[in-house]
Amino acid sequence: MQHNIILVGLMGAGKSTIGRQLARRLNLTFYDSDKVIEERTGVPIPTIFEVEGEAGFREREEQVIAELTAMQGILLATGGGSILRDSNRERIKASGCVIYLRASADHLFQRIKHDQGRPLMQTANPVQTLRDLLKAREPYYMEVADLIIPTGKQKVNVILREIHNKLKQLQEVTHANP
Ligand SMILES: Nc1ncnc2c1ncn2[C@@H]1O[C@H](COP(=O)(O)OP(=O)(O)OP(=O)(O)O)[C@@H](O)[C@H]1O
Ligand SMILES: O=C(O)C1=C[C@@H](O)[C@@H](O)[C@H](O)C1
Ligand SMILES: [Mg+2]
């Protein structure tokens, strides 16, 4: 049994931001699969997409997700598209408590519109792209999630508190019904 926490959700959901702070509070080691891929290749994600295409990136992502989900005592912020592969979803689910950070396409866009680091957002209509991605991926986020946390207009601190409380409730239920 592994006691990790894994954050899933679309680009801009706050996985990296919330993840880093939550890990500190829970005394877990923080990993971000996107950052691990960038450190290993030595280039930013947009460059990997340019050189190897999305398919090349997904291969690297699967390798990194396999390694990270096998670790213990970590908080893992996953790439937004990592749940697309069955193998990743299985590993993510088996690795610990999965939290889906959920927000609408409009809210997500407000958060990431000034950032050029997301290759899938370089389209003529990024809000529509986010809507399409959300529609296609929401069932996968829901499938893996143990907790669903709405992050719409909420401030980071409020979201952190909510996750903390929900995790405590989950723990109490688990201890009462082992
Ligand atoms: N609840 C929030 N309220 C306002 N801004 C937020 C919130 N959560 C995150 N942000 C901001 O939104 C931006 C995107 O957040 P972050 O990089 O954590 O998302 P992500 O889920 O890791 O995205 P990706 O899948 O692309 O890595 C950052 O600038 C962050 O500061
Ligand atoms: O939603 C996605 O498919 C992606 C999200 C980011 O975290 C990165 O993994 C990459 O930009 C692709
Ligand atoms: Mg991130």
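In case you wondered, yes, glycine gets a Cβ from its N, Cα and C as well.
A TrEMBL annotation is a machine prediction, not a hand-curated record.
As the structure is a computational prediction, the values presented were derived from the model and not from experiment.
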Q | Of the candidates Gln128, Gln154, the one that TrEMBL places in the ATP site of Gly12, Ala13, Gly14, Lys15, Ser16, Thr17, Arg118 | A | Gln154
Q: Given that TrEMBL annotates Asp34, Arg58, Gly80 as substrate-binding, name the residue from Arg131, Arg137 that shares the site.
A: Arg137
Q: Quick one: pull the CA-CA distance for Arg58 (substrate binding site) versus Ser16 (ATP binding site), whole Å only.
A: 19
Q: Work out how many Å separate Arg137 (substrate binding site) and Gly12 (ATP binding site) at their Cα atoms, rounded off.
A: 14
**Q.** Contacting binding-site residues for ligand 3, chosen from Ser16, Asp34, Gln154 when the Cβ sits under 6 angstroms of any of its atoms
**A.** Ser16, Asp34
**Q.** Sequence-distant neighbours of Thr17 (ATP binding site) in its chain (C-beta under 8 A, six or more apart)
**A.** Val156
Q.
Using a 6 Å cut-off on Cβ distance, which of the binding-site residues Gly12, Gly14, Arg58, Arg137 come close to any atom of ligand 1?
A. Gly12, Gly14
Q. Under 6 Å from ligand 2 by Cβ, which binding-site residues from Ala13, Lys15, Arg118?
A. Arg118
